[in-house]
Ligand SMILES: NC(=O)C1=CN([C@@H]2O[C@H](COP(=O)(O)OP(=O)(O)OC[C@H]3O[C@@H](n4cnc5c(N)ncnc54)[C@H](O)[C@@H]3O)[C@@H](O)[C@H]2O)[C@@H](O)CC1
Ligand SMILES: [K+]
């Protein structure tokens with residue numbers, strides 16, 4: 001089952017893979033016409049009631065496949081107010097080819113007539129709230145009529161995010177929905193057909209441009225609304241936490257703090273004035289720091305744990321204790337990863353190992369991405385956390401749902417690109433589900449690398465990615 005917004009991601013991914021929406025609309029319209037033919041005989045009277053969005057567009061296509069019927073097409077509004085180019089083009093095609101079309105200016109002009117079948121193509125996944133006029137009047141007419149009602153995608157008035165049905169919604173007898181079921185359809189009295197409209201399986205398997213639709217930024221938001229990230233890193237290394245923290249800022253987090261040993265805190269601060277560094281005593285993370293860190297972490301939306309911490313025994317022990325106490329969302333990277341399979345935690349973890357780190361955690365890998373995807377899915381289910389396994393193709397799985405991101409290039413094998421990925425993912429996890437944050441993070445990190453590789457080739461370095469991340473995520 002897919003919600004309306006999930007469907008929009010899949011649809012945009014199909015477009016990114018070379019199957020544009022207008023092609024999908026042609027398939028949808030064809031599927032609607034097939035459903036009509038299954039229900040009424042040639043010569044029957046049909047009234048198609050089309051809204052001004054793509055739901056209406058589907059039915060405008062269907063009309064071209066229904067020549068053997070007595071078919072009227074009524075548009076709820078003026079053609080120049082049709083909201084999408086592809087629906088408008090399909091309206092123009094009907095007019096130019098001399099199909100019987102009508103348009104109404106307001107609800108008083110609506111007349112359903114006395115058809116054998118009414119096609120409800122007023123509203124699909126684009127609806128919010130109860131039906132407004134003139135759709136409300138048209139819905140009431142369909143509900144009052146003896147005609148069978150066939151709804152396109154969903155009955156107009158069904159909210160495709162929540163499954164809620166508006167009080168004045170269309171009461172459908174049949175529904176032809178596209179690609180996958182939608183929330184709320186199974187609770188209807190209608191018969192429901194799921195039509196294959198030729199969306200490639202890859203549009204759901206691969207992370208593509210459409211996944212960026214998951215991101216939005218409220219123009220009225222305040223500082224902090226878009227995420228506060230705590231990077232716990234540094235000690236033996238200083239560049240890694242600085243890269244993660246800057247990457248989190250570039251990926252849209254409002255506030256990013258780095259908690260680091262005071263022996264290296266000034267050095268980390270020295271990389272950028274954008275960072276807020278909070279120091280704890282000593283040269284590296286140890287169990288004595290955990291109380292203070294756990295309190296600090298609880299004040300953040302996400303934790304990025306691992307960059308530059310090193311693998312000293314006392315550090316790994318501290319990582320384990322911190323994870324045991326933490327209950328939020330954490331991205332775990334580098335040396336901290338080896339602790340995860342042993343640890344008992346209520347936290348939601350996104351683990352970002354490369355193949356070597358995955359093996360060290362106890363996972364398995366393969367050179368074939370399909371096999372690797374299955375292995376990663378199995379291991380994610382075993383450890384009960386989300387995995388983002390880095391490689392030429394990144395594999396992302398929460399143990400049930402598995403995606404592959406194909407962005408990136410060989411120049412990115414340079415040190416530090418993983419720290420950037422951890423920071424980007426940490427920032428995205430402030431506003432997205434962990435599995436979506438991991439998928440979009442992998443896509444964006446690789447796409448940032450692809451954006452800079454033309455200039456730097458095999459000489460690209462991790463800091464080059466930082467400036468390219470916003471262009472990928474927020475353009
Ligand atoms: N996403 C996909 O993959 C595909 C979608 N297709 C079709 O496109 C539909 C979605 O199209 P759109 O996003 O254009 O949206 P819709 O066609 O569902 O509705 C958009 C229109 O409805 C109006 N509206 C919103 N709430 C309303 C309310 N309460 N009362 C009255 N009017 C209201 C909006 O102002 C807008 O004009 C799907 O349901 C499906 O039928 C298909 O063409 C093929 C593929
Ligand atoms: K509909």
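If you go along the chain as it appears here, the first residue is 1 and each next one adds 1.
Using the three backbone atoms N, Cα and C, a Cβ is placed for every residue, glycine included.
Whatever TrEMBL says is automated annotation, not expert-curated.
As annotated by TrEMBL, domain 'YjeF N-terminal' applies to 7-205.
Every protein chain shown contributes to the tally, and the Cβ of residue 354 ((6S)-NADPHX binding site) ends up with 18 other Cβ atoms within 10 Å. For 54-58, 124-130, 153, 240, 308, 354, 419, the entry in TrEMBL reads (6S)-NADPHX binding site.
Residues or ranges marked as K(+) binding site by TrEMBL: 55, 120, 156. DSSP classifies residue 156 (K(+) binding site) as coil under the three-state reduction.
Among the features that TrEMBL reports, domain 'YjeF C-terminal' is placed at 206-475.
The AMP binding site annotation in TrEMBL covers 418. When secondary structure is read from DSSP and collapsed to three states, residue 418 (AMP binding site) falls in the helix class.
Counting other Cβ atoms within 10 Å of each Cβ, the binding-site residues 57, 418 show the lowest value at 418. For ligand 2, the nearby binding-site residues are 55, 120, 156; that is, of 55, 57, 120, 125, 128, 156, these have a C-beta under 6 Å from one of its atoms.
Close to the recorded K(+) site, the chain also has 49, 51, 56, 121, 122, 123, 124, 135, 151, 152, 153, 154, 155, 170: residues not among 55, 120, 156 whose Cβ is within 8 Å of the site's Cβ mean position. Sparsest Cβ environment among the binding-site residues 120, 153 (other Cβ atoms counted within 10 Å): 153. Within the same chain, residues at least six positions away from residue 128 ((6S)-NADPHX binding site) with a Cβ under 8 Å of its Cβ are 159. When the binding-site residues 54, 120, 153, 418 are checked against ligand 1, 54, 153 have a Cβ within less than 6 Å of one of its atoms.
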